[in-house]
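Student: Feature list, courtesy of TrEMBL:
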TRANSMEM  18-37  transmembrane segment
TRANSMEM  49-74  transmembrane segment
TRANSMEM  86-107  transmembrane segment
TRANSMEM  127-149  transmembrane segment
TRANSMEM  161-179  transmembrane segment
TRANSMEM  212-230  transmembrane segment
TRANSMEM  242-264  transmembrane segment
TRANSMEM  295-317  transmembrane segment
TRANSMEM  329-352  transmembrane segment
TRANSMEM  358-378  transmembrane segment
TRANSMEM  385-405  transmembrane segment
TRANSMEM  425-450  transmembrane segment
Amino acid sequence: MSDEIKDINNKPLSIRQYLIIGSMLFALFFGAGNLIFPLHLGQLSGANWIPATLGFLVSGVLLPLLSVLAISISKSKGVYDIAKPLGGAFAIIFLVLVHSTLGPLFATPRTASVNFTVGIQPFIPSHYVKLAMLIFTALFFIATYYLSYQTSSIINNLGKILNPLFLALLFLSFLLAFLHPMGQAALQPVTAAYHHQSFFNGFLQGYNTMDALAGLAFGVTVVSAVNALGKTSAKSNAKVTARAGLISEALVGIIYIILIWIGATSLNLFKISTDEGGTTFNQFMGHYLGVTGHALLATLMTLTCVTTAVGLVAAFAQDFHNHFPKFSYHQWLGFNCLISFIIANEGLNLIITWSTPVLMFLYPFAIVLILLGLFSPLIDKDRNVYLWTIIFTLVPAFFDMLAALPPVVKNIAWLHSIINWEQHLLPFASIGMDWVLPAIIGAAIGFIIFQVKKHHN
């Protein structure tokens, strides 16, 4: 095509350039939550940790990489563009849902609450925990607001220094875990849900990382960085992004595998944690690094969590200011930090309890939009393909959300009856995969309509 964008730089990129893009992707996807959820999965799956790990890697490693590739291939600039073939109204709703999830409702307050639970709480007397949490989260979000307000390069430079130090300490603890394992993973007990459906339960646990959503929201940052290196054609950009992604996601995948294995072995010494892995991480670090090592790790973790929070609140404020310009970037920034501060003080357990049903609803849409984005050159972003796929995904995704609600809500008699009816009606509903078959049927119908219209034209 004559309007095809050509590469400015036709030379192959150096290993150093690939590593720079790879490190950007790693920083984009790896936060505090990525440390605790794999550990918790290891404890839940016990001896069945390997199939559970494979499921977790699909949703926690492969999907985030595909989300960035979808942004590149579909030439999108973010969440709004990836959903725009369905119309401006749907794109706005999807943008608000994704950024609210990554922003003030769940992911942003979680950066502070995980950080406090894992890094600070072990050093605080139990009767001062609430007060300490209040003070810590206030300081955390004041720092986040200030650094986001300045929009300077300080935070990037901090990340370049702190992330390697944090990873070095983490891998030191991994080495000690290999040399002196807490137990044998193959001999550990398996919780009921992981006896027969460990792969799919591992897949659903990967939703908690929210990395597929993060890829849609922030993937354009990576795509722009690749463009800046002269790889401006869609094909070259996608190829470079994929190769750099393999570097970063291989590292993330290795960390996940080790953490899940450690979680399984920890059952020999510790009980399953009730806070999705936060307590287990404390026990694991205390066991191998002692008080001094744990304190150093807590300090580094606090600083790296602030860098993650800055990225989240800045992206929220930028996108909301672009689409709702009545309020300034700084006003949206302040709103995000204030709401995140309030929710963070409700505690990690509450955040995870209410984020799970939201993710069960959002992730099916994110997955189908990622796949449609990857195939967008073949379907010309045809509205029929998008519309039929989303319509058929909507109902089962809604029921998945209902089924994931806290027991106090979903056990209401009439709601419980509706959930049971749906669980028996749709295939794979019991494992949270009931949206897959309808989505495929919807995509097939949309594609047939697309082909018929194409031939008529």
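Yeah, the Cβs are placed from backbone N, Cα and C, and that goes for glycine too.
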Student: Tell me if the transmembrane segment (425-450) touches the transmembrane segment (242-264). I count contact as 3 or more CB pairs below 8 A, with pairs 6 or more residues apart.
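Tutor: No; fewer than 3 Cβ pairs under 8 Å.
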Student: Of the listed stretches 212-230, 295-317, 329-352, 358-378, 425-450, which one has the most C-beta pairs under 8 A with the transmembrane segment (49-74)?
Tutor: 212-230
Student: Looking only at residues six or more beyond either end of the transmembrane segment (385-405), which have a C-beta under 8 A from one in the stretch?
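Tutor: For the transmembrane segment (385-405), the nonlocal Cβ contacts are 85-86, 90, 356-361, 364-365, 368-369, 372, 379, 415, 418-419, 422-423, 426, 429, 432, 434-435, 438-439, 441-443, 445-447, 449-450.
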Student: Let me spell it out: take the transmembrane segment (295-317), skip the flanking residues so only those 6+ beyond its ends count, and list any with a Cβ under 8 Å from a Cβ in it.
Tutor: 27-28, 31-32, 99, 102-104, 107-108, 111-112, 114-115, 118-120, 122-123, 140-141, 143-145, 147-148, 151, 155, 158-159, 162-163, 165-166, 169-170, 173, 217-218, 285, 289, 329-330, 332-333, 336-337, 340
Student: So which of 18-37, 86-107, 127-149, 425-450 has the most C-beta pairs under 8 Å when paired with the transmembrane segment (358-378)?
Tutor: 86-107
Student: I need to check the long-range neighbours of the transmembrane segment (425-450): which residues 6 or more away from its ends have a CB within less than 8 Å of a CB in the stretch?
Tutor: 197, 200-201, 204, 360, 364, 368, 372, 379-380, 382, 384-393, 395-397, 399-400, 403-404
